[in-house]
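**Student:** Dropping a structure here in structure tokens format, bear with me for questions.
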């Protein structure tokens with residue numbers, strides 16, 4: 001549409017440059033490291049009658065969309081698992097051209113070889129272009145970034161030019177610098193095509209270049225709350241012109257304790273703005289934030305309304321003890337690294353554990369690198385770049401990287417430490433199986449995590465995953481008060497030490513319990529050669545086991561005494577079956593790893609560049 005197009009360089013001849021007062025460009029920035037961030041910001045008292053008017057409804061329904069019947073719309077929404085709440089929600093667009101984006105935006109879309117809008121884009125674009133407030137709840141990797149960036153470009157093109165001293169028109173708040181940088185990378189390509197300017201404001205990087213961008217004028221500012229409040233307090237930018245506000249991963253920002261900063265920032269923005277809130281979950285804290293910041297909003301949910309994981313992810317849970325994790329991790333990595341696609345993220349709970357595990361794996365020759373919040377921005381950026389380009393295919397991370405980390409070809413996620421909530425679990429495993437791809441998530445679950453066992457089982461059942469019988473046993477133990485102390489995991493502790501080893505099943509009692517839980521015909525959670533979300537034996541019924549697993553191929557393989565299939569959930573070990581098990585798999589279709597009689601020579605150490613201590 002011609003009304004959307006704009007070939008004007010909005011930053012041309014505005015005369016923005018360095019201040020001519022001498023001294024530091026940064027000026028007297030707040031040096032307080034502790035205290036109350038934003039305490040210098042005064043809540044503005046807005047008088048809408050005195051504010052300049054602005055337009056925010058630019059949506060014109062495409063003729064093809066107008067001819068689509070309500071029944072066709074409902075059929076499409078059901079097929080894409082789109083749930084809509086709110087009044088007067090526009091119809092979803094089924095093709096890019098139906099959104100009526102400017103020609104230069106469509107050119108970028110064509111270069112990126114997108115075939116059709118994702119579900120959240122199809123329903124989100126008409127809502128955002130209509131100027132309505134909205135909440136979008138969708139799983140990771142669903143295309144949320146373009147869902148708000150492309151309508152933002154249309155919104156900006158219909159606003160007056162920025163003048164000297166004006167702040168951004170579009171503000172995107174993100175929880176982490178990694179996510180902010182990724183949004184900036186996406187925005188930069190479209191902004192170049194539309195002759196707009198964008199910048200990324202985050203902590204851990206020099207303030208000078210960021211201030212320089214703001215002084216020159218930017219239409220789009222992607223920022224983390226802390227650094228933005230710092231700049232607002234010292235007067236390096238303002239939000240007087242902001243009419244399009246995006247809260248990306250709002251649930252994560254609340255988890256990280258940013259709610260006070262978010263509220264102080266929103267107080268600086270005119271109340272008749274358009275606000276879009278995006279989240280992967282919909283807890284009561286996010287609902288309250290939406291009620292406070294949004295007006296008559298449209299709620300769009302993609303997928304199940306309850307807490308759910310991506311169904312393209314094969315989830316494997318190993319119930320074990322903390323002392324067994326290292327051995328299990330190494331055996332798992334030996335199989336994963338023999339795969340052609342082996343990019344893996346290992347999540348741990350603490351920064352100390354991240355550093356210790358990284359040092360240990362690198363000492364043993366594994367190409368691993370670590371990332372957590374105490375790393376400098378330069379080092380974090382370098383580590384992520386090495387991981388993205390496959391130079392270090394093993395990334396050991398805390399939850400700082402669990403949200404918004406968008407690496408397309410991550411095939412495996414390992415939860416070395418189980419997170420504190422099922423929401424974090426879903427976000428962690430969501431680093432694999434981006435878009436329509438498949439992936440595998442392994443989780444070490446210990447008795448210390450028993451408070452999360454019910455939620456984890458619910459997530460597994462919703463995604464039609466096989467459930468480890470030991471998880472069900474933990475639920476029973478918890479109900480009978482035997483989950484901790486003398487009664488908890490009684491058999492596991494006795495079996496672990498009675499055989500003198502700490503790995504797998506080492507006693508006849510363990511095998512007996514194992515047979516009872518799965519039936520004597522099945523010694524594994526999944527059928528023959530299950531690979532990355534392809535459920536070759538899907539005959540589990542309502543989470544029950546034993547005779548309900550009726551795959552004839554599996555039964556035959558075990559009756560013949562030559563078992564094949566998958567090495568899943570820690571219920572099998574080389575010591576148990578010995579040479580009778582030719583194939584040991586971890587949810588992958590590959591040749592068995594041949595465990596040598598003596599320790600193999602370590603791999604060549606992966607060199608760390610100078611300047612980064614381990």
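Cβ from N, Cα, C; glycine included.
Sequence annotations record features per position, and here Swiss-Prot assigns compositional bias 'Basic and acidic residues' to 1-15, 488-498. Per Swiss-Prot, phosphoserine is recorded for 24, 480, 520. The N6-acetyllysine feature in Swiss-Prot is assigned to 32, 33, 40, 236; the stated evidence is similarity to another entry. If you look up Swiss-Prot, you'll see 53 marked as SUMO1 cross-link. Here Swiss-Prot flags 94-122 as motif 'Q motif'. If you look up Swiss-Prot, you'll see 125-300 marked as domain 'Helicase ATP-binding'. Sequence annotations record features per position, and here Swiss-Prot assigns region 'Transactivation domain' to 477-614 based on similarity to another entry.
So that I understand the layout, could you describe where these features sit and how close they are to other parts?
**Tutor:** Cβ-based neighbour count (10 Å, all protein chains) for residue 40 (N6-acetyllysine) stands at 14.
Cβ environment of residue 53 (SUMO1 cross-link): no same-chain residue six or more positions apart lies under 8 Å away.
The motif 'Q motif' (94-122): residue composition by secondary structure is 17 helix, 0 strand, 12 coil, according to DSSP.
Under the DSSP three-state reduction, residue 236 (N6-acetyllysine) is assigned to coil, being neither helix nor strand.
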**Student:** Compute the average pLDDT of the predicted model within the domain 'Helicase ATP-binding' (125-300).
**Tutor:** 94
**Student:** Across all the protein chains here, work out how many other Cβ atoms are within 10 Å of the Cβ of residue 236 (N6-acetyllysine).
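**Tutor:** Counting Cβ neighbours of residue 236 (N6-acetyllysine) within 10 Å gives 21.
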